[in-house]
Amino acid sequence: MTTQVPPSALLPLNPEQLARLQAATTDLTPTQLAWVSGYFWGVLNQQPAALAATPAPAAEMPGITIISASQTGNARRVAEALRDDLLTAKLNVKLVNAGDYKFKQIASEKLLIVVTSTQGEGEPPEEAVALHKFLFSKKAPKLENIAFAVFSLGDSSYEFFCQSGKDFDSKLAELGGERLLDRVDADVEYQTAASEWRARVVDALKSRAPVAAPSQSVATGAVNEIHTSPYSKDAPLVASLSVNQKITGRNSEKDVRHIEIDLGDSDLRYQPGDALGVWYQNDPALVTELVELLWLKGDEPVTVEGKTLPLNEALQWHFELTVNTANIVENYATLTRSETLLPLVGEKAKLQHYAATTPIVDMVRFSPAQLDAEALINLLRPLTPRLYSIASSQAEVENEVHVTVGVVRYDVEGRTRAGGASSFLADRVEEEGEVRVFIEHNDNFRLPANPETPVIMIGPGTGIAPFRAFMQQRAADEAPGKNWLFFGNPHFTEDFLYQVEWQRYVKEGVLTRIDLAWSRDQKEKVYVQDKLREQGAELWRWINDGAHIYVCGDANRMAKDVEQALLEVIAEFGGMDTEAADEFLSELRVERRYQRDVY
């Protein structure tokens, strides 16, 4: 929109300030501009002169601190909703991302709420690793003056369900904190549990926290609203797929696709480091197979979110069919009295193993039963979008977004099975076909603000994706900082993703160094962590020169092996013992010089 600027003589801003203000508000809608106006009014009224007129100084108010520790955005959304609820109740509240929280100040907190997800094998989200480490260290203070509550989000298909929340809850209590409420562990379908928990938190805090003055509520409540867009997880953009290109060789064991999606004139914005959320539909053939195995027709009416739909449509659009869980196996066994599955009930490890190796449709195939349509629906979990690290920068591709998709395919007793979202993009969306997408912002995986800062990128396999975006951005910015890429995959000839682009960046001098690890091209397997150790001396020089280190890819094995290699390099070339090296790497993480996007 165009904003009419008053004559310069009437402005209290100098030309430079005016230019910065105009640049910051160019893309805002009228609603957003109105919000900004209210925000600055709140800031103005937060000045000492204004505060003098309030009933009590803010310093005397035991404010509420909400710490949001999010990996995919769900925890952040719950935390923001709670913040809004508390502001509506006129309570003094501050919301802070775990990565921005100065954790040494935790001893001075009075009322603390933690909303956290879990990643990998029970680890906290990336932005909360430093806080988690601090609380579990010898440096953790006594917290006898804190009252706290924890809301934990997880996925029951994983063994360490909600482990991060369990960790925070038990440690805060161990350090002397008082539980406001018992911890809540929420599964993938977390919305109802979150809504009920938020109401209980507000009720519990009303009796403990004084009411805030309106001006204070405006200022403290709005600080963390950074990203605004008409499109979201719940209201995705209907975009179109323009390119679906296989970028692994004919003889590769992997099927990796370069996907380009046209955003049209939506003005949907993203930054390198963000993720693309993709809502997919299940394979109609898979739906038909499952329905027929249960002796159903597919046209039976079922209720989904208050709407009546045919069973086939509900299964294709609304329910998760490609990821089994221990809960589903246990419930199916109990419901059908399956002689094969009933012995697994109550055996957590066996249930987890069965769910991990047996898709839902094959569970039904191996243990057939007859269910009615509603019983089937009640057994399943809601379909959730998949997130892919964005592999492009809008500085180069403008109204497009690119992702790098490893297509999941495997056999179960002679039948080919595939991942829900990856096979949707690779096999079922035709050129110019519709794809529902949204941006999941990730401020914990960002290029350095200073373009002169060196960058070290470690991304084997499809973990290369965000570094393609990084390089496009650095090239467009003509950033003078050095760039070093570590990439690995099984074979040079079949699996060198975006090979021509990396070679061009090297030739142009944009990519300063590239180290490649091909795990199957020689007798002894070589991985990126081996290359890190091999280049330890030079790596330490880059770190000493202020380099930022980025890691993307598998959380369970690769990321841990890479971190161990980094610790060894720091210890050897930095002349540190193991404990000092660990402290050094933790400090890099706090300084945002060590960032990971792992999954």
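Just so you know, glycine gets a Cβ as well, placed from its N, Cα and C.
The FMN binding site annotation in Swiss-Prot covers 70-75, 117-120, 153-162. Among the features that Swiss-Prot reports, FAD binding site is placed at T322, A356, 386-389, 404-406, Y410, 419-422, Y599. The NADP(+) binding site annotation in Swiss-Prot covers S519, R520, K525, V526, Y527, V528, Q529, D561 and rests on sequence analysis. Residues or ranges marked as domain 'Flavodoxin-like' by Swiss-Prot on the basis of sequence analysis: 64-202. Residues or ranges marked as domain 'FAD-binding FR-type' by Swiss-Prot: 234-448.
Features per Swiss-Prot, on structure.
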{"residue": "G73", "record": "FMN binding site", "Cβ contacts under 8 Å, 6 or more apart": "K233, E440, H441"}
{"residue": "G120", "record": "FMN binding site", "Cβ contacts under 8 Å, 6 or more apart": "A555, N556, A559, V598"}
{"residue": "D155", "record": "FMN binding site", "Cβ contacts under 8 Å, 6 or more apart": "T118, F161, D187, V188, T325"}
{"residue": "R386", "record": "FAD binding site", "Cβ contacts under 8 Å, 6 or more apart": "G277, V278, Y280, G420, A421, S422"}
{"residue": "T404", "record": "FAD binding site", "Cβ contacts under 8 Å, 6 or more apart": "I247, V256, R257, H258, I259, Y388, S389, A391, T462, I464, A465, R468, L497"}
{"residue": "G419", "record": "FAD binding site", "Cβ contacts under 8 Å, 6 or more apart": "T322, V407, V408, R409"}
{"residue": "R520", "record": "NADP(+) binding site", "Cβ contacts under 8 Å, 6 or more apart": "P490, H491"}
{"residue": "V528", "record": "NADP(+) binding site", "Cβ contacts under 8 Å, 6 or more apart": "I458, P460, F486, F487, G488, D515, A517, M558, V562"}
{"residue": "Q529", "record": "NADP(+) binding site", "Cβ contacts under 8 Å, 6 or more apart": "M558, D561, V562, Q564, A565"}
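Secondary structure from DSSP puts G73 (FMN binding site) in coil.
Mapped onto DSSP helix, strand and coil, the domain 'Flavodoxin-like' (64-202) counts 58 helix, 32 strand, 49 coil. According to its DSSP assignment, Y527 (NADP(+) binding site) is coil.
You'll find the Cα of V526 (NADP(+) binding site) roughly 21 Å from the Cα of G406 (FAD binding site). Taking Cβ-Cβ distances under 8 Å and a sequence gap of 6 or more within the same chain, the neighbours of S519 (NADP(+) binding site) are G488, N489, P490, K525, V526, Y527. Classification of D561 (NADP(+) binding site) by DSSP places it within a helix. Counting only the Cα atoms, the space from Y158 (FMN binding site) to G406 (FAD binding site) is about 20 angstrom. In the three-state DSSP reading, T322 (FAD binding site) counts as coil. A421 (FAD binding site) carries a helical DSSP state (H, G or I). A gap of 24 Å separates the Cα atoms of G406 (FAD binding site) and S70 (FMN binding site). Summary: among the binding-site residues (S70, S117, T322), the fewest other C-beta atoms within 10 A of the C-beta are counted at T322.
Comparing the binding-site residues A421, V526, D561, Y599 by how many other C-beta atoms lie within 10 angstroms of each C-beta, the top residue is A421.
In this model, the domain 'Flavodoxin-like' (64-202) carries an average pLDDT of 94. Comparing Y599 (FAD binding site) with S117 (FMN binding site), their Cα atoms are 13 Å apart once rounded.
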